[in-house]
């Protein structure tokens, strides 16, 4: 495995031998490198100066401080940074073991001088106990500061384990065990005390003064004084033992006994404790220290050389050969699966043996461990002690994990780790920047661009920096789709640079179009983009997407006419809506062909509506000029046909062309066109119809040309339609043509029969019958003759009926005219209401004639040339009412009234006076039955107004 990165001067290295075989080195390089589980830091502050003149032997860790023992017999109290807080000159020989109580108020130490010293950290209290033999291990009661018994256990080379308890009369030692060799280690947890001697590990319950179990010393390992055993409580029930090359984990279980009443009764631990070995494995290295690491283990490993053996361990003096391996920190599972291995280059490691190293840990908040990670501040600390070094190891946190991933090029995993741990924005920025730099170096520009929204987030400055960086690398087009337009909004220059980069690269013209459509126009200026695009117009790099993008920019800039020209070239389907929206009818003039090709129907409608702006000559010339680009003749036909329907004469110059166009595209409409138009050449039209074999059209043209006989021959010989021939001859009103028709029909008896059926109203059937040859056989002749006679009678009857109706209409109209003519018109300066109403009704019935008569009378009155037909006095101009009749007689109103009364002195006159308006009889002998209803209406009107009936005296007398 490759060397681990250095942290604060400590390098991790997995090399075991600098002279390994080449094959092993290659295999190690091929293995995937595992991430370290721990990070290391050499303890500084006061420690280097302390160890420069002395050597460390052991260490103990409390919740708030550290105790370091030395060969000189001193106990140094340090904070976690290595600063010395206190110093106890406790012993005269090397300190072998240290121990804090749970509260961290007392520290106990034992030494080769045979003494045990317990010092209070916060008071001057100090107790010293002499045992006169080197003491190797000590453990304070976890509740030492809380109880008055002040218990501790200690042992050494004497082979006796002492329990020291404070009594009424002072401190008293109780020997818990003896006779099985020196006591090498002791640990106290709750009420359980575990110690190791030459035979193995034993556990004692201090609460009941009873030994619980014995765990035998592993076989095949050097003597305990050469390879010390290491024991540590992982929790209240798990005891971890590392001895030589063996690891065992013992579980001390508490069981419950069922009482007489069926309930569970809690009994004392000593009576029910059971010990199970839950894990056990062998190692390939010597164990110099062991500690729990969550649900795994941390082992301080000493790697033996080939010459290492029991003989070498017999000396406690450091080796002078200088060939020892570096100590290693290994993280393993309970099944000895290796999770991490780190070699520590401590000072002077070449000369140290396994017993020169020790390991202590501080698992104060181990309950926060979950999923391989500890909460911030709760991670355990591990202290590796060598004679001249103290190295702190602690679990790597999320930031360390991220840095390790970055150093190994796993930027994506680093980013995922940052996001999963909701890292600080500064860390995310750093990871993002390094990730992007890595991708840029690898030339993975597209991937880098896709990650920018996630990595740069809302930082406008970061976005702008990367925009210009991509631009410098000529890779800005791949970043454009991800550039934000809001939150954050960048400077206009950034967007303009992006658009220019897209515009100058034909491969990204489609992206330019989509970008222009999606970006708000307010965030950039179009001028730089115009400057980048316009030089490409009419060049090979002017692609359709670039044209459309330029058109969109013209729209944004308000240059709709330029945009229309580009849209027309691009044949955009919504071009017609664009024209209407921006009123661009003037611009249509130059783009007739494009409009026709987009949608010929809408184009024709537009051109017809705007024919004043775009004359037909312009349209026709553009379409003819495009003969190589499209079916221009079809477009011409559509346009000229619509133009002809709107205005028969608007396209008269092209009617000759239209004849041919109709013949090609719409022959059914040609005949209608020929009948409606007067602006085409008959000869040319006839040639086209002959060429296209359009028979009816030939007949029509021949008829207009005066070749009626030739037209008739076409009908009979080509069409074979005798009815059409009869209709044609009837329209020509030429007797000779009838004879021609009859003569040509004789050759076809069936035509003669049809001719006989259609002669009524046109020819005398007898004339045709007389001309028929005697031997001519006519199919269904009898039936046809019967039909001829029947049709003739029907025609005669219809004519008589029509004559009768005509006569009746004449009589009715004459009577109506006479009745209107009998009415008078009052001419006066002041006309009463009744006369006005009656005059208005008369005017409405008489129309223009009444008004003209009134004009004549007014002029006569003005001139004064008229005379009353009764008194023969001339009419005065003022203050005299005059009654004028359509018979050209006029009277003074007073004269006419007096004459009417005198003439009507008889009874009939009285009756006539009571009626409003009536006529006794008409001069022509027609009675009043024709207009009874009209007269009744007239009488009702006169009766309502109270006026007397007015009649021309002269005409009435003459009629009588």
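Numbers run from 1 along the shown chain.
For all residues, glycine too, the Cβ spot is worked out from N, Cα and C.
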Matching range for Swiss-Prot feature annotation, region 'Disordered', among 1-39, 40-78: 1-39
Where Swiss-Prot places region 'Disordered' among the ranges 885-916, 917-948: 917-948
Helix, strand and coil residues within the repeat 'WD 1' (90-132) as assigned by DSSP: 0 helix, 23 strand, 20 coil
Tertiary contacts of the repeat 'WD 1' (90-132) (same chain, 6+ residues out, Cβ under 8 Å): 57-65, 67-75, 77, 138-146, 150, 152, 154, 156, 158, 162, 164, 171, 173, 185, 188
Number of helical, extended and coil residues in the repeat 'CHCR' (607-754), per DSSP: 114 helix, 0 strand, 34 coil
